[in-house]
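Some features that Swiss-Prot has for this protein:
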ACT_SITE  294  active site, proton acceptor
BINDING   208  Mn(2+) binding site
CARBOHYD  93  N-linked glycosylation site
CARBOHYD  173  N-linked glycosylation site
CARBOHYD  246  N-linked glycosylation site
CARBOHYD  272  N-linked glycosylation site
TOPO_DOM  1-9  topological domain 'Cytoplasmic'
TOPO_DOM  31-356  topological domain 'Lumenal'
TRANSMEM  10-30  transmembrane segment
């Protein structure tokens, strides 16, 4: 009877219920904590497993990247070997006339760059002999290095322009004739060293002009003296001979000194080597009027308009452009160093080709 009385008291029943609730919550919390600890341990174990796998994958990736670097190095080595072997293959086709490509060159900021670019063009041309003539008292190791690396059959010469005929850095290109001594040095070399040659073509190619490989095929067609259009020259998009219906030359479209016997650029013609060998006095001169270097040379070879051969699909295509590398804008101090060829740091010297 006593317990029933106690239970009849509502507050006692509520207290007992509350105690039971808190006890249940305590057991639940303890179980939950134990469960979380187990989950944490499981998760930590999983993380450790994944970390080990990640380390393993990272090691594999590193090994594969290292192998890739090795393979890339091997590919480059093989490419180099292939290029070297190809360069050593015979470049001479006896049925194809040789081109004697004469390039006068002088020291300037872009000389090394221009000759490097030109060497890559000429390296694609078989049966070509590159005659490079420096405007200097001695041969430059930098230019010799370009010629050696090009694997092009070549002759390296030098001829100094007289001081009274040399232009200052800021002089316009047309102030004085350029390449006179250098072209003559090359012509004399041809006359002395190639006197027994029966076939071949002589061409004067500036080191900063642009050449389509097709122009070399046109040169090989020359029987006497060939002529073709030249782009970006003489204040025009194209300078070209104008032909009659029968294919002979009527006149030229030049606007600068059109009265010249041959109002064309040096890049516009090539001559058979037999003409050079049989006309030893056909040389260039400082004593001709400005713009008459080409005309005087061709006339001294006995060339006339009527016996020139229009090439490049009867002068309807342009395969050579008289491009010019722009002079860099330099300070007076830099121009002075360039003129004296001194005072360069090692990187500048390498860029300019004075690092020997």
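Any Cβ shown, glycine's included, is placed from N, Cα and C.
Overlay of Swiss-Prot feature records on the structure.
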residue: 208; record: Mn(2+) binding site; CB count, 10 Å: 20
residue: 246; record: N-linked glycosylation site; CB count, 10 Å: 6
residue: 272; record: N-linked glycosylation site; CB count, 10 Å: 20
residue: 294; record: active site, proton acceptor; CB count, 10 Å: 21
| query | What three-state secondary structure does DSSP assign to residue 272 (N-linked glycosylation site)? | reply | strand
| task | Check the Cα-Cα distances from residue 208 (Mn(2+) binding site) to the recorded positions 246, 272, 294 and tell me which is shortest. | result | 294
| field | Pairwise Cα distance for residue 246 (N-linked glycosylation site)/residue 294 (active site, proton acceptor) [Å, integer] | value | 25
| request: Give me the Cα-Cα distance between the residue listed as 'active site, proton acceptor' and residue 272 (N-linked glycosylation site), rounded to a whole Å. | output: 15
